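Asks: Okay, here's the structure, questions in a sec.
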Amino acid sequence: MGVAKRLYFLRLKRKKCGILVRIMFSLLLIFGGFCPVMGLRPLRERYRSWGDEWLLVRKDENELGPFSAWNITGTYRGSWRFLDSTNNSSRFPDFRKSNGNSVFELISNPTKITGVHYVQGAIIFHDVFDNEHGVGGAQIRVEGVYIWPFRQLRMVAYSGKDGEFGQEDDYLLSNPYHLLGVFSSQIFQESSRDKIWKKKHSPFYEMEKHCNIEIAAQIARVSSSNDGARDHYHLEGLMESPSVDADGDCFSPILLNATSVNIEVYYNKAVNYTLMVTFISFLQVLLLIRQMEHRNTQSGAAKVSILMIGQQAIMDAYLCLLHLTAGILVESLFNAFATAAFFKFVVFSIFEMRYLLAIWKANRPLNSGEGWEAMRRELSVLYSRFYGILLGGILFMYEFHKFLRPILLLLHSFWIPQIVTNVIRDSRKPLHPHYILGMTITRLAIPLYVFGCPHNFMRIEPDKHWCIGLGVFIALQATVLLLQHYLGSRCFIPRQILPEKYNYYRRSDQGANHATDCVICMAAIDHTQRSNNCMVTPCDHFFHSGCLQRWMDIKMECPTCRRPLPPA
């Protein structure tokens, strides 16, 4: 009986479902016969909207067929300018600039609505207003929709709460184009206050309370590559700001024009730069080895200026810290920048510090036998001075970052201590010519790229006058060193103001009994000829000219009696 009841109820349910299906089908036929058929239409043109008087919706043949959803996520670099010749705003009289540069950071995500993407991002405007620190900029966060069948972009100012981070903030914190641009602007520009990157310091922060910011833009594809690279897009639009209280526009309409940045090319530029720094560091190591072999004796090392080597070591230490900081800032480029930082670390910490120590020991020959405790104390003083100057220089540049270019000129005056040392000591050929020329060229490579290359990856505006001044300044120093090498260390100083110099070719007393053999080469010396073949020391010892000059390159002591010798 239980089974029969169950079968009866199942049949009853099936009959009810069939009746319901028939009723619904009948209703559909009735409404289909009396009501007009409403099909899905494509997005049509807008009748009137903000920006309609300037934007035109294009209907090409490509848009009538199947649409392709372009991914407009990326970085866009371009310019802005007022639509009118002058800004007629009375609400914001500080808007005195009529044009400038701009950077767009956009993130596009699909929505449930077909043909519509949700867009978030930030727009950075340069040269917007004049403030007390000079020409400044501003940043606003925006959100909106991208109607990709018609390539239309509509955005308004971001209405989120202050301090609420969105997806565009994560994009900004991971984009090397934006991060390195901010990093380089804070380091290499005259003042960090000239660029206003944070919203709380922006004039648009106060503007949002009184004005609406509306942006209407058209997206176009610049080029479509078939090699797997990313497409480039061009953004052209209008930015308006009607007032909330209907008192007119807050400022005149602004035309926006920007093109997407190829991040792959940007990566390649950064990697090529690090390869250049690595190659330059390798060349500097070879030049240092050549110089150390040129003056590998105690007397030769004493002729080299310790200030010159120390100044170059400090420059390489700063470059090492800068590249390491840039690598930590941009995680995707860490390996490249860390490699460049490592080679700079090798240059200053191993080779230059070793040469610095050798020069210090050569200038203190008497202290070498005073015991390990005395030498350790003096070494600690030497290292404390070096790292104290290194840390003090960082604080000095941070405090006077407005004068960074003059500070860089001062750092590139590293040949001047050697020039002064040559004149004071009357040193004879302390530096190898290859070392002078090689170091001059390699030291110029990085600053000329940063401030002279118009397409550098750090987005720094080129300064041709400063680059020319730096090149002339360091070339003059190298020229003076080469003249001292070939013509004498005091060749450019008038003889009237020079101190008296001992003459190694002075005449000796004919009646005196002099040794007839040179103790260096053990060959006889001819005293009968008055020529430059014989040199006489202040202690009246005779030597061949070539023998004594080679000896003086090793030690400035008399080979016979060990008395100090004056410079030749």
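Backbone N, Cα and C atoms are what each Cβ position is placed from, and that goes for glycine too.
TrEMBL entries are annotated by machine, without manual review.
Pulled these from TrEMBL:
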DOMAIN    518-562  domain 'RING-type'
TRANSMEM  20-39  transmembrane segment
TRANSMEM  270-289  transmembrane segment
TRANSMEM  301-324  transmembrane segment
TRANSMEM  336-358  transmembrane segment
TRANSMEM  379-398  transmembrane segment
TRANSMEM  435-454  transmembrane segment
TRANSMEM  466-487  transmembrane segment
Asks: Have the transmembrane segment (435-454) and the transmembrane segment (270-289) got at least three CB pairs under 8 Å, pairs 6 or more apart in sequence?
Replies: yes
Asks: If I count Cβ-Cβ pairs under 8 A between the transmembrane segment (270-289) and each of 301-324, 336-358, 379-398, which range comes out on top?
Replies: 336-358
Asks: Across the domain 'RING-type' (518-562), what does the mean pLDDT come to, as a whole number?
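Replies: A mean pLDDT of 79 is what the predicted model shows over the domain 'RING-type' (518-562).
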Asks: Take the domain 'RING-type' (518-562) and count its residues per DSSP category (helix H/G/I, strand E/B, coil), listing them in that order.
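Replies: Grouping H, G, I as helix and E, B as strand yields 10 helix, 8 strand, 27 coil.
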